[in-house]
Amino acid sequence: MPRHYAIVPAAGSGSRFGAEKPKQYLDLLGRPLIFHTLAALTASPDIERVWVVLAPDDPWWPRYDWSELGSKLETVRCGGATRAESVSNGLRAAAMVAADDDWVLVHDAARPCLSAAMLDALFAELASDPVGGILAVPVADTLKRADAEQRVGATEPRDGLWQAQTPQMFRYGLLGEALEKCRDVTDEAGAIEAVGLKPKLVRGDSTNLKVTYPADLALAAMILRARK
């Protein structure tokens, strides 16, 4: 029976956030932001191991106590210049235990509000899927395309548009092959699409937000507090 593993690329600097440290280490309810991200994954009985892909020179990780997350957690200092490179390196680190037909969930370090229900939905809907898929939510807002002067150039129809989230879940062998061929993608689904396959969209939730700006951190704190 296929097993489930998770990879969390955490080598980014979070420059858009404008903080003194990478955003994955910013305080969120008394813990580093990434602690909450990893806690959601390590708490799942369906996930056997979680690899955190760090930058080779990351000075922040050793400053915190991660022991509460248990023995599933493993760090590898092989983060690359891009997300695709970091995930590919994480897949290589998993090669000693992962088989081609095992599932790999790739999850953003800066999505700390992933819930058990979201993971369960992903596992249930993709269990027998031939391709794999991603958590996503239908686009609710009206979309405007800007022109060169930052004026509205067009209003884009939102019918059928979804906003991609993570985790993104694909077979170990397939994902590795796709990323080897497609290095200029912004997410794993993009690599799968580039080799001619169609990932399934599994409805997520707006609370599964990605912390990108300071206001997002406050919102994530509200979401996590409400769950306690």
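The backbone N, Cα and C atoms fix where each Cβ goes, and this holds for glycine too.
Taken from Swiss-Prot, the feature site 'Transition state stabilizer' covers Arg16, Lys23, and the record attributes it to sequence analysis. According to Swiss-Prot, the feature site 'Positions MEP for the nucleophilic attack' maps to Arg158, Lys210.
Burial estimate for the recorded sites (Lys23, Arg158, Lys210): highest at Lys23, by number of other CB atoms within 10 Å. Each residue contributes its Cα atom, and for Lys210 (site 'Positions MEP for the nucleophilic attack') and Arg158 (site 'Positions MEP for the nucleophilic attack') those atoms are 21 Å apart. A straight line from the CA of Arg158 (site 'Positions MEP for the nucleophilic attack') to the CA of Lys23 (site 'Transition state stabilizer') spans 31 Å.
DSSP assigns Lys210 (site 'Positions MEP for the nucleophilic attack') to coil in the three-state reduction, outside any helix or strand.
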